[in-house]
Amino acid sequence: MTTVNAPEFVRHPKLIAWVEEIANLTKPAKIEWCDGSEEEYQRLIDLMIANGTMQKLNQEKHPGSYLANSDPSDVARVEDRTYICSQNKEDAGATNNWEDPAVMREKLNGLFEGSMKGRTMYVVPFSMGPLGSHIAHIGIELTDSPYVAVSMRKMARMGKAVYDVLGTDGEFVPCVHTVGTPLAEGQKDVAWPCNPEKYIVHYPETREIWSFGSGYGGNALLGKKCLALRIASVMGREQGWLAEHMLILGVTNPQGEKHYIAAAFPSACGKTNFAMLIPPAGYEGWKIETVGDDIAWIKPGEDGRLYAINPEAGFFGVAPGTNTKTNPNCMATLHKDVIYTNVAVTDDGQVWWEGLSKEVPANLTNWKGQPHVNGEKAAHPNARFTVAAGQCPSIDADWENPAGVPISAFIFGGRRADTVPLVSEAFDWVDGVYKAATMGSETTAAAVGQQGIVRRDPFAMLPFAGYNMADYFDHWLNLGAKVSEKAEASGNKLPKIFNVNWFRRDAEGNFVWPGFGQNMRVLEWIIDRCEGRANAVETPIGFVPTYEDLNWEGTEFTKEQFDLITNQDKDQWVTEIESHTELFNKLGERLPKALKERQAALLEAVKLASN
């Protein structure tokens, strides 16, 4: 039997008993209690270099940075192997995979039995959210992957201090992770152990996460999507708060007024770029600061305002497409102490990925560790960087404020070649929830005259809601109604809700809106709408700006171009609203009646409008 040997700084009997229980099941060769120290980090990095999991990069160009190359079969989240095992199938809903918890436990017990043989079990304590914040939650991950242990040190507040907050009886979310490849005595390990059979399992009632077979990102760093979205969304519903797939940014105008915005976009729609936006020419005196680029936990305050924290402490960003033009702040964040995964590397130890530079460097080794061949991808399309958020030059002074930052507006956006205008403001909270619930994003780049397939991704939470999506909509509606009463009593208002679409195309299939820093122009209008300063025109689908309502200083973007990305085609909108029925039917009878009513009213308004 493996000796548990809990260190003195762990004073939580229930936690120690749980570690012992999992050790008896998984049978690791030894147990290490992580303390989050620099010495421990370096020791684990050196261990992985010796194992061939990691390589040291050029320390002049990339100080303190390392590269890991995963197994080619283990490169992304596995949505089809991700389960929400609630007691009742209906509580998981139609958009999640479900299995009876008793059946799943039996299955996983078989898989986890002896799964850590020959390996070290790392006990990784972490806080999602600033230590001690009333919005934060603690997790403990038991993993046999040193890659997970070092990555969690960057992605969460990881180490000894977590045990001080936990004390002798504090609550924690138990997370168990194994790569699922036990080692027999004397057997040589592979550089990236993983198992073809994978399970990422959540038990919402008992707040447990079990992950088997993958060493990669969101499947293995269990504080990220598993805890911070799937389990936290269940907690939020029970306790009256929100766990959302949203960036948080701060906007300060030249007069010193500051607003915080939370924005939800599906993957590959530019969340990180938007969170780290640099205002363009013509916006001197404006400042954008980053609180978070991926996840927001939002709790109502006594004053009826919604306060958000970024539960993470790092960025786990997609590398391809990131460069000094698209995201200079992100590139500056990567100046040191980065763990790269599945990017390419030059013969002198510098990283490279598609979009980093126009020229492909000579003598490149691709993400599979082979010489790069032109015409193939050098970096995997989902190649990642893991880096501490505190290194970001645009990081907000209040990014670790335990009370959170007050949200003035929510933005929802997807990738649509037509139909959806550049920006629109919802009529009210219910209308905003309807728009977020029915938002869609194209899965394929739209060819000329051919629309990409629109996948509905409600609130950009389709892969991440830990319970029935219809109940999730209901939670947003109820929270709005409750908070609205408090807000009115304190002289505050609910955040306004906006929809954006940076991706409208012209007849030739080209993007019309320049995006990136130019999105500041839309952001300014949104802020001014929150302040009651900006004009808008009422249309059947929401309030929209005219060309004159936006600030065009420093750009030559024409009224004709603006009209192209803001026009509302009546037939397209009738088709669009009618297509929402497919999602609503899928979600079944728990769908809030208010959303069905909103759909009928919208459809009628659009049909009555002149084109």
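Any Cβ shown, glycine's included, is placed from N, Cα and C.
Summary of the site annotation: Swiss-Prot records substrate binding at ARG77, TYR216, GLY217, GLY218, ASN382, ALA383, ARG384. Screening the candidates SER127, SER267, SER424 against this entry identifies SER267 as the one listed for that site. Cβ proximity to the Mn(2+) site centre (mean Cβ of LYS225, HIS245, ASP294, cutoff 8 Å) flags the following additional same-chain residues: LYS224, ALA228, LEU229, ILE295, PHE464. Only THR272, from the binding-site residues TYR216, THR272, ALA383, ARG384, place their Cα within 10 Å of the Cα belonging to ASP294 (Mn(2+) binding site). Packing around GLN518 (GTP binding site) is summarised by its Cβ count: 19 other Cβ atoms lie within 10 angstroms of its Cβ, all protein chains included. Taking Cα separation as the measure, HIS245 (Mn(2+) binding site) is nearest to CYS269 of the recorded positions CYS269, ALA383, ARG384.
Ranking the binding-site residues TYR216, PHE516 by how many Cβ atoms sit within 10 Å of each one's Cβ puts TYR216 at the top. Closest to GLY218 (substrate binding site) in space, going by CA atoms and restricting to the recorded positions LYS225, CYS269, GLY270, is LYS225.
A distance of 16 Å separates the Cα atom of ALA383 (substrate binding site) from that of CYS269 (active site). In three-state terms derived from DSSP, ASP294 (Mn(2+) binding site) belongs to neither a helical nor a strand segment and is classed as coil. Closest to ALA268 (GTP binding site) in space, going by CA atoms and restricting to the binding-site residues ARG77, LYS225, ASN382, ARG384, is ASN382.
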